[in-house]
Structure formats: structure tokens, C-alpha cells
């Protein structure tokens, strides 16, 4: 009686399709995996009532789960042990998550894997020596952008079916194995951005990778010469990047003989010799040999690279002329040859055929005229040709070029006049009015016309430059008033050293992003702009040498680090709590040193600069450290006591209150100014004793107490003993050991002693100075500059050596 029911059950079960069983098993396993992952919301559609082959992030083949894609799911913890409980799993992507811990050897159980991506996680520790226990048919292995350390194990070379191996951007601090060369099927190798690798030559064993198409070995501490043996059999190679290493010697000819090569990056090494003359890699699109020590001439054969879009040869020792054939490259977009020793004229053909976007040949010895057709293709964005021997007129076509955002022409020999767009005349001295065509450059980010001889008023149409971040019109002959409605995107305004009059426009208060405002040495007649205290980003305020007047009774500049209101007509007393809100000078906290202005435009093309009085000398600070702080109230008519709240400014470096009418004592709270380097309170009506607390300020190298009414002992301490006599002059009731040692010319009653020589000033460690008494060096005309234009040009390559960090978190 039991035989027939059993037989019925057997036939029933065998009649059910096998994929249905497989899906049932996989569904159960997937639900367990979901549980192990903490039941994330992104897997909410996984349930026990639907087929797993219809679930998101799951792919099936013939009813079997063959692919799991958990990319960018914000998963945390360790990789679940259930991840390999799918007998037909071929592809597993766990990238862009927060999985942590050591390499998950549980993946050894995924025996049919062909694709494994663990990149962009938090894995650490060393890769296991037996990593070759991964699936024998594995073709794609990506472990990049984790925190793996130590050596890359030799056995990685035994995963014999690999076509792609990505190990870039981790913390490896050992070696990478030459056994990688045993991966005969490998097509893509990325070991880049691992600068902690032990220095090593490029292994000749890599020459066995005959199927390799993509080689990215940037910034991984490679040394020695590039061996031709490595590349002579890589006939399929399309991309080679060996940049930012310490490679030496000549560039092997074999690299320029790779007929499938489209991109070659060798920049920022120590390569020498000439560029190979024969170039048969006719498919090259990008060629970057910049920042080496290459010499000789630019090969004429580069003119045969008809697919070339980018040619970077800057910062080398190249000589000779620019080959005319380069001007005939039909696809050329970027030509950067700056900082070499190139001579001759710029080929007139450049820009006429191609859709040229960037043309940079500054700091050479080029002569002749600028080509007329640079913007013929209608795509030109930058023309940077400063510091050459160029002459003639500036082409009208530059004025008509609507896409142009960057022009640097200074330090050349341009002459004559030029009509630009609206008959505005300018020449190499750049006199006359500011051309209004500038206002039509709607993508303009930085406008620097400083140190010229422009006259007339500032064009009101500047208000139309909605993307402008830097406006520098300083050191010209501009007159009239400051325009209203300057772009609210501006971060830095420098209109100092002109003849501007009137008042500061109240519309400035709308520029909430403003960090620097410099209007020094004009004829502005206004009261103190207390209304600027609502600008939460304002760090530098320079009003010196104008006709500002009135009292200053309120101040709430929380971010202010540099304020110079010297040489005006301010008066009245300063409240005792005047400095209470200047919190940026209380403590800078832990911030990284950088120069102001280098964050503008998302590049490092520009740095703010100002003139400050320090140690009694006017100095031009060509770059401003974000940790530098100074207060200069000198040359006004302030009265009353110095506010005690000045002692709160523990990060203050320079304090100048000289040439006012301050009375009373120097507040002892100044002894709290532990970073103070320069103190000038001369030419006031201060009385009492000099606070002994000042003698404990170890950085205080310069002090000036002259022309006051101080009495009593001068404090001891090295700082006081090394000051010149002039620092204490015209205080007849001062006396003490310090004066007896160095100031016998003032105090005749002290024993005759030899005057101590004035010590040389220590080199400033926190500032990069161009020191000069103001007016002692004639200004240098730097020319008409637009777009990414700067006082001290810093090539982009120096700031963006990591340009090949291609992998970013997906949206």
C-alpha cells in the first residue's frame, strides 16, 4: 500500500522544472544574506513571495543567480560568510561601500567567479599570500582605493586568467612582484598612486604582458631608466602612464613606435636627452612629456600626429623653434610649451586649422607677433604668452573671441595700438580706458588688470560678470567712484593705488562670499564701514591712505585676520571691549597653512597680496598665509586708552598703533599676545611703565616705544636688550639696564659703553616677502590679463599631479 504513494510523489517531483528548485534555494540563501547585511532598506523588495531573478541587484542565467551587484549601497561591517553560497555566481561587485577588515578570504569559496570588485572600501591589512586561491577562472580583480598595506603577494601572478588587475591608490609600503609579468592574458594593469612602494625599477618581466592595452603606473616610486625590453612586444598597448615617478635616462624609441598607442604620460620625472625624432605612433591623442629635463628641439615628426589633441612639453630645456607643422594638426586642442628655451616666431598657422582651446608658451625666448588666428576655431579659452620677446600689435581677434577667459601678455615688447571690439585703444603700456569688451566675457572668473596705466572710470558693466571671483584693478590711474552691484560671487576685490573717490558702495554688503577687500591709497571719503561686519567670510580689510574719518564704536568682524586702516582721519576712543568679537585672532586652531587666494576658481593660479608695515618697514607680502594676522591703526587721531581686550588676540603677529593720540598705560594684557612679532606704539601720549610681561614674548623681535611719556625701568629680557636706541627715543624718564647697555647716546649719565650692533633680522618663516620700502622700486607693468590671471603664475601641472585619479564615487 505504501509503494503507490511514494511512486506518485517521485513522479510529481521529477515533473517540476529544475530552475524552480534553484530559484527556491537561491531565494532562501539571498534572504539569509540580506539578514547578514542588517536588512538594509535598499533590499526591501527582497521577499519570500517573488522570484529572486526579479529582485534589484540580482542577475540570473537559466534561473540561477550569476551576478550580485552591491555597488554604492553604503553597506558596512565585514563581508558576510554567506556571500558565496551561490554555486553559479560569476560576478560580485561590492565596490563603493564601507566594508572593513582584512581581505575577505571567504571569497575563496566563490569558485566560479570571473569578476570581483572590492574597490573603494575600507579594507586594510596585507593581502594574503595565498590570494591565488581565488576562483581559477577569475578575469577581473579590482582591489583599488582601500587601505591594504605591506607587499603585494607574488602569488597574485598565479591567477592565470586575469585580464584586469587594479590595485591603485592604497597604502602598500612594501614591493609589488615581478610575477605580475606571468599574467599572460592581462590587458589592463593599474598600480598607480601608491607612493609608499619601495623604490624599484620597472620590472623587465612586465615585458611578457604581450596582450596589455592599458598601463597606469603613475606615482608609485619607480626609479632608474625605462627599459625598452618592457615595451618592445606590447603591440596592443593603447595607454601608458608612468608620470610622477623618479625615472631617469632617455625616452626609449620603442614607446614612439607603438602603433596602437593613443595616450602617453611621462610627466614629472627626471628624464633627459632628446625627444625621439622618429614617431610612428600615429594614433597618439595625448602626449605629455612635461616637467622633465629634456633638451634638444621639438621633433618635426610630431606634426604627423594628425589625431593629437593634447601636447604638453612644458618645463623642460627644449631649444629651437616651434615646428610649423604643429600649427597644422587638425585636432589640436591644448598646446602647452611654457618654461623652455624656445626661440623664433610662433607659427602663424596655430589655431587656424584646429579648434584650439589652450595656448601656453610663456617663459621662453619667442619673438615676432602673436598669430592672428588663435581663435579661428571659436573655442579658445586661454592665451598665456608672458615673459617672451614678442612684439607688434595684439590681434583684434582676441577681443572678438567670446570663449576667451584667460590672457597673460605681460613682460613682452608689444607696441602700437589695437582696436578691440569697440574701438578701445590699448598698447603695450596698456594706457587708456579699460576695454568694455571684457564685460562680454560671461564666463570670466578672474580679472586682473593690475600694475598698468589704465585711466578713466571702472566700467559699470563689470556688474554683468556673474561668475567673477577675483577683481584686481590695483596700481592704475583709475578715477571716479566704485561701481555698485559688483557680482555677488566675488571673493577678492583689490582696487588699491588708484584715484578713486566717493564712498564705499553699500551694495558690497550683498557679497556674502567676500574674503578680501583692498581699497588702499585712493581718495575715498567715508566713515568706517561698520556695515561690513555682516560679511561672515571677510578676512582681509585694507582701507589705508584714504580720507576715511569719524569714530569706530562697534566692530563685529569675527573672521577678520588682517585689518589696515592706517593713514586716515579716524578719531575718538576705542571701547574697552573693542576686540571682543575678533575671534579669528583668538585661536586659529589646527588649520593647514596655505596661501590666500589659492582656493579661488578651484585652481592654484592666483594668490592675494597686500602691503603691510612690519618692523617699521613697508613690505609687500606677495602671498598671504592664512595664519598671518595683523592690525594697523597707525596714522590716525585715536585718543584714550588702548583697549584691554587686545590681550584676547593670542594669534596676533603684528600690532601697529603708532602716530595717534593714545593715552594711559600699555595694558598688561598685551603679555598674552604669545605670537606677537612686531609692536609699534610710537608717537602717542602713552605714559607709565612698559609692562614687564612684554619681555616674556619670545617671538617679539621688533618694538618701538619712542616719542611717548614712558617712565621707569625698561624690562629686562633679550628682546629689549637687542632693540636699537631709536625704539626708546624721546622718553626722557626711561632708564634701566637695557638702556644702559644699548642707548648711551640717550642717557648720558650711564657709563660709556660701546653701542651694540643692530642684529640682522631673522628670515621670516611664516611669510614669503618681497621686501621694499614703498616707492623705492618702480612698478612693473604686467599687462592686460583676463580669466585665470595672476600676479605669480603657477602652472596647473604643479597643483594637479593627481589628475589621473579617475575613480570617484558614483552618483
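Positions of Cβ are set from backbone N, Cα and C atoms, glycine also.
Remember, predicted model here, so these are calculated numbers, not experimental data.
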| query | Which candidate in 429, 768 appears in Swiss-Prot with the annotation N-linked glycosylation site? | reply | 429
| query | Swiss-Prot lists transmembrane segment for one of the ranges 729-749, 771-791; which is that range? | reply | 771-791
| task | Return the member of 246, 260, 295, 464 nearest to residue 389 (N-linked glycosylation site) in space, with distance defined Cα to Cα and candidates limited to these glycosylation sites. | result | 295
| said: In the three-state scheme derived from DSSP, which category covers residue 464 (N-linked glycosylation site)? | reply: helix
| field | Reported mean pLDDT - the repeat 'LRR 6' (184-208) | value | 97
| query | Of all the glycosylation sites given, 93, 124, 233, 260, 389, which residue's CB has the most CB neighbours within 10 A? | reply | 93
| request: Six or more residues out from either end of the repeat 'LRR 6' (184-208), which same-chain residues have a Cβ under 8 Å from its Cβ atoms? | output: 139, 144, 160-176, 178, 214-227, 229-234, 236, 241-242, 246-247, 802, 804-805
| task | Would you mind pulling the DSSP three-state label for residue 260 (N-linked glycosylation site)? | result | coil
| field | Nearest of the glycosylation sites (124, 260, 295) to residue 246 (N-linked glycosylation site) - Cα to Cα | value | 295
